[in-house]
Amino acid sequence: MPPPQPVPTKAPPAPDYKTVAAQFATAKRAKEVEDATKAHEDIQQEQERSSLQDRQREALEARRKASYEKRWLWNVAFWVWMLTIHVVGLAYFTSGFLLTRLMLDEKSSCDAPPTTGNEILPAWKGKGTVDGGCWHPKTFERAVVVVIDALRYDFTIPVDDDAKFHNAFPFMYDTALRSPNNSFLRPFIADPPTATLQRLKGLTTGTLPTFVDVGTSFAGTAIEEDNLLMQLRDAGKRIVHLGDDTWDALFPGYFEADMSKSYDSFNVWDLHTVDNGVIEHIFPLMNRKNDWDLLIAHCLGVDHAGHRYGPDHGNMTAKLAQMDTFIRDLAVTIDDKTVLIVMGDHGMDSKGDHGGESDDEVEAALWMYSPNSVFGRTKSEFATPPATAKIRPVNQIDLVPTLALLLGIPIPYNNLGRPIEEAFAGAAGTAWDNLAAAESTAAAGIKRYQASYFAAQGIKESNTTPDSPAEFWAKAEELLSTTHSKRGGAKDKWAAVYSAFADYQQETLARCKSLWAQFDIKNMALGIAVMTAGVFTLLVYVTKGAEDDSGAVDDPELDLAEKSLEMQGVKADAEIISARNMDKTFVGAALLGALPIFGGGVLQSFISGVGDWYRGAGFAALTSTATVLVTMYESKETLVNLIPKTVWGWMAVVFTVSQSVGFASNSYTIWEDSILLFFIATFGFATALAAIRLPNLADRYLSIYHSILFVLLGRLASFSKLCREEQMPYCRSTYYASATSSTSAPWQLAIPFVVFLVLPSIIKAYLVPSRSYEGLAPAWIGYVFRTGLFMAAAYWALDAADNGNWFPGLPANTLKTLSVYLAQTILGLALVAGTTAFVWAPPCVSILTAARQLGTAQVTVLGYGNAHGARYLLLPLNILAACFLLSKPMGGGALAIMMWQVLSLVEILDFNSLTFEAIGPVMLAVLGNFHFFKTGHQAVLSTIQWDSAFIPLFTIRYPWSPIVVALNTFGGQILAVATVPLLVLWKVSPQRKGLLVLLSRAYGLFLAYFAVEALATMAWAGHLRRHLMLYRVFCPRFMTAAAVLLVVDLFGIVIALAGARCNTMAIGEVFGWVE
C-alpha cells in the first residue's frame, strides 16, 4: 500500500522589517551594555594594577631610602669609633710625652731657712722676720714690676740700622749707662714655650715650664705651688695688679680689688686699651705708696702690635715710644724704698709672633732701677749694657730669688734660679760676701727642693757621679767652710765661694732642663700601640671589597629588572645584604670588644681606690680594634689585600710611607713643603705620561692638559711662603709684606680681587662640558659665590686701610667696625645661607622636551651624567668662601689655587680611570698638607695666626674664636676633606650604585694618610725624645700631625659624610633610589 501523501502546510509569514530592526536594536544594546561593562571592568582592573604598582614602587623607594639612611648611620658610627680610637691613642701618648712636672706642696717659711751653720753675713736687725729680712738683709720695702709683653732685648738698645723697631725705646739703656749704681739692663732669657702664661709661672715660681702647659695658655689655672705672690700674701703684704687679665686666672683673690684693674688680654687688634688703662691708673697709685707693697703693671701693646703688624711697622715704633715715655715718667715717681723692675716676658720672632724657642722669641729685656745707689758691677766692663742678648744673659727664673731677697721674703720652695749679680754686688761691686751669702742661700734652697723632689718621685740621688750637682755642692760647702775658718783675711775669697755655689746652681739647672722629668714610657707605648692598631684596622677596612666596588655595573635594563623583582617581593641575596650591613657588624664588634674592658678598668679602679681609672680606655681601644680585625677576617679580608696591585697603588704607598719615614730627619721635617711640592710634580708627570695611552684623542689632550695644569698650579702656589727660622737663609718669606711684618703688602690686596673675577668662571668651565652648569649652579656660583669673594676682597682692603691709617679723618674704629660686620655677613652667606641652600637644592640639571614624529616627545636631562658631582660641588665652594675670608690675601689665593687643583685632579682621575685607585685620596691629602704651608703656616706654634680670631669678632668669644682660628690654621686640610666625596661623585649619574661604600672607602684612604703621618710623628718623637731638636722640630710636628688628624676625623664626619648624605637624598628624591 502506497505511503500516504503528506499534507502540505502553510508557510509562516515573512518577518516584519520593523520587528527585525527592533530585535537588532535590542541585541545591539545588550551587546553594548555587555561591552561597556567589560571595558569598565578592564579599566578598573588596569587602574587597580597601576595603583598597586605605584604603591609597590613607593614602598620600594621608601624601603631603599630607609635602608640607605640606616647604612649611613652605621657608617657614621664606624667613623666615630675610629675618631675615638685616634683620641685615645693620641691622649695616651701625649700624657707620657708632653711632660707635666710634679708639683710639690711644700712652701718656704721665714723661720726655716735652707742654710744651717756657716753663716756668711753677721746677724742683722730683724733677722728672720719679714720686716728685717727672712733669709737675707732686706733692701726695699716695696716693688713696682712693669711687664711689657714681648719686649725683645734689641728693642731697648741702640742699633745702627733703619728698622722701625730699633732705637725707639732708649731711656732704660741710657739710664743704665749714665747711672750704673741706680740701674742695670741685661738680656732676660725665657725658657720655652714662650707663651705668656708659662712665662708668668716661671717668673713667679722660679721653676721651668713644661710644654704641655701651652694648652692652658687660653684657660689659665691658678698657681698652687709656692710663688712670690703667695709669700707676699702670707706675709700680710698688699698686692695690686693692672693690665693683662691672665694674672687674675693665675692668682685669683690675691689682688686688692679696690685698686686693681684688669683688661682682656687676647684682643690683639687693640693696641691701646690695656696700655692706656695701665698708665691712667698707675700714677695715682704712686701717690698712695703706703696702700700697697707690690704693684704689677702688665702692658700688652707691644705684643699686640707685633701680632697685628709685625715689628717692622710704624705702629710698633709708636708703641715703643709710648712705653719709653711711660717708663721715663714712672721712674721719676720711684722713692728710695721702692725698686722699679721693667721686663719682657718673652720676645717675638721676625713676624711678631711667639710660642717657640727661636732666639728672637726667648730674648727679652730686664731693667732694674732705684734712686738709691744699690746696684753695682763686679767688673768695669759690665757698666755698659750688653750689645747683644748673647752677652751676659740672665735667666728669667733668676728674678724670683732676686726679688724675694730684696724684699726680705723667703725664696719660693720650688725655685731653681740664682740671684742676679748686680743687685747684691754693692755700689762698688766688691761686696763678695753679700753675693756669696745670697748665692749660697738660693743654692741651699735648690738643694732642699731637689731632695724633696727625688723623694717624692722615689728616685735615689747619686752622690758619686763625676761632675754631678752633688759633687759641685760638696766642693762649694768645703770652700765655704775653709773660708769661714780664715774669716779675718778672707775677704777676697768670698768671690770663690760665690762662684762655687753659682756653679752648683748652673749644673743643677742644666740637669733639670735635660732630665727634668722622666717620660712615661708605658703611656707612650700604649698610645703608639693603640694608634698602630687603629691604622692597621683602617687599612684593612679600605681594602675590603675594593675590586667588587669598582666593578659595579651601571646598566639601566638590569636596574629595571632588579627593581621589578624587588617590587614583586623578591629579596636580595643574603651575601649582598651582609655586605651592605658590614659597618653595623664592625660597630657591634667594636663595642663588644671595648665595653667589658673599659667597664672592668673603671670598676677595678673604683674598688681598689688606686690606679688610673682611664687606663682601661687604652686597653679597651686595643681589644676593640682586635675584635673588629677578627670580624674583618671572618668577612674574607686577608693581609694579601693590603698589597697594591697597580702602579698607582704603589705610588700612593710610596708617597705616604716616604714622608712618614722622613719625619725621622729634622732637615726633612723642616723642608716638608718642598717635599710635598715634589710629590705633586711627580704625580702630574706620571699622569701626563699615562694619558698618552688613551685611545680617544680629545681625552688624551685634555688629560695631558689637566696634568700639566695640576703641576703648574702647585708651582704657582709655592710662591706663597712663610719661612721658619731653620730654613734661613735659603728661604725668603713672601706671605707678608716682609720677613719682619705680619701685614700684607699693597700688591697682595689685588689677589682676592683677581680670585673674585676668575675663580667662578674657572669652576663654570669644569661644569659646562658635562652640561652640569644648570639648576642652582649658575645663580649660586655666578652670583652668590662671586659676591662672597668680592666681599672678602673688600674686607682685606678695609683691613689694610685700617692698618695703614689711609683715612685719618674717620672716627676711631670706624673701619674696624665696618670690616667686622662685613666679615660676619660673608660667613653668614657662606656657612648659614650656603648650607641651607645646599641641603634643600634640587639637582643641578635641566629638563628639555622636544616634539618628535608620530606625536611623541623626546625628553633630555641636561647634566644627568654629572648630577651627583655638580650638586655636591656647591658644599666645598661654601667652605672655600669661609676659609678664603679667614686667610690673609696670599692664603686666600693659595686656597683658590687648591680648589682649581682639586677640579683638575678629579678630571685626571676620570680620564685615566683612576677614580677607584688609592692615589686619588692620597693626592688630595697631599694637597691639603701642601696648602697648610701655603696659607702662612709651619709646624711651629709661633705661626698660628691668632689675629684671625678678630676677623669676624670684636673680642674673644667662645666657642667661635677657637673655631675661626681652626678654620684659618687648617683651611687646607678642611677644604681637602670637604672635597673627598668629589673623587667618587664626579661625573657619576644618578643610577650609580654603591656610592656610600665607595665614599667610605675614599674617605678611609684619605684618613689613612693622616693617621700614618700621626703615627710616624709619634714614633719618631718618642724615639728621639732626647734629641737636641726635640722641642724645636719633632715635638711641634707631632702636635701638628695630631691636631690635623683630629680635624680631618671631625670634619670628615660633619662635612664629607653629612654632605654626601644630603646630596644623595636630593638626587634620590628626583631620580629615584637605586639601592
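Quick reminder: no glycine exception, Cβ is built from N, Cα and C everywhere.
Note: TrEMBL annotation is automatic and uncurated.
Record features (TrEMBL):
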REGION    30-56  region 'Disordered'
TRANSMEM  72-93  transmembrane segment
TRANSMEM  524-542  transmembrane segment
TRANSMEM  647-668  transmembrane segment
TRANSMEM  674-694  transmembrane segment
TRANSMEM  701-720  transmembrane segment
TRANSMEM  749-768  transmembrane segment
TRANSMEM  780-798  transmembrane segment
TRANSMEM  818-841  transmembrane segment
TRANSMEM  879-903  transmembrane segment
TRANSMEM  963-986  transmembrane segment
TRANSMEM  998-1021  transmembrane segment
TRANSMEM  1041-1060  transmembrane segment
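Comparing 72-93, 674-694, 749-768, 780-798, 879-903 for CB pairs under 8 angstroms to the transmembrane segment (1041-1060), the maximum falls on 72-93. Nonlocal intrachain contacts for the transmembrane segment (524-542), taken as residues 6+ away from its ends with a CB within less than 8 angstroms of a stretch CB, comprise 78, 82, 85-86, 88-97, 586, 618-619, 621-622, 625-626, 628-629, 632, 637, 641-642, 918, 1001, 1004-1005, 1007-1008, 1011-1012, 1014-1015, 1018-1019, 1022. Below 8 angstroms of C-beta separation, residues 744, 749, 752-753, 755-756, 759-760, 763-764, 767, 773, 815, 818-819, 822-823, 825-826, 829-830, 833-834, 837, 841, 874, 877-878, 881, 884-885, 888-889, 892, 951 of the same chain, each at least six residues beyond the ends of the transmembrane segment (780-798), sit close to that stretch. When Cβ-Cβ distances under 8 Å to the transmembrane segment (72-93) are tallied for each of 674-694, 749-768, 818-841, 963-986, 998-1021, the top count falls to 998-1021.
Here the transmembrane segment (998-1021) has long-range neighbours at 75, 78-79, 82, 86, 89-90, 93, 97, 527-528, 531-532, 534-535, 538-539, 541-542, 546, 549-550, 583, 652, 656-657, 659-661, 663-664, 916, 918, 920-922, 924-926, 973, 976-977, 980-981, 983-985, 1030, 1034-1035, 1037-1038, 1040-1042, 1044-1045, 1048-1049, 1052, 1056-1057, 1060, meaning same-chain residues at least 6 beyond its ends whose C-beta is under 8 angstroms from one of its own. Sequence-remote contacts of a segment are chain residues at least 6 beyond its ends whose Cβ falls under 8 Å from one of its Cβ atoms, and for the transmembrane segment (818-841) they are 775-776, 780, 784, 787-788, 791-792, 794-795, 798-799, 802, 871, 874-875, 877-879, 881-882, 885, 950-954, 1059, 1062, 1066.
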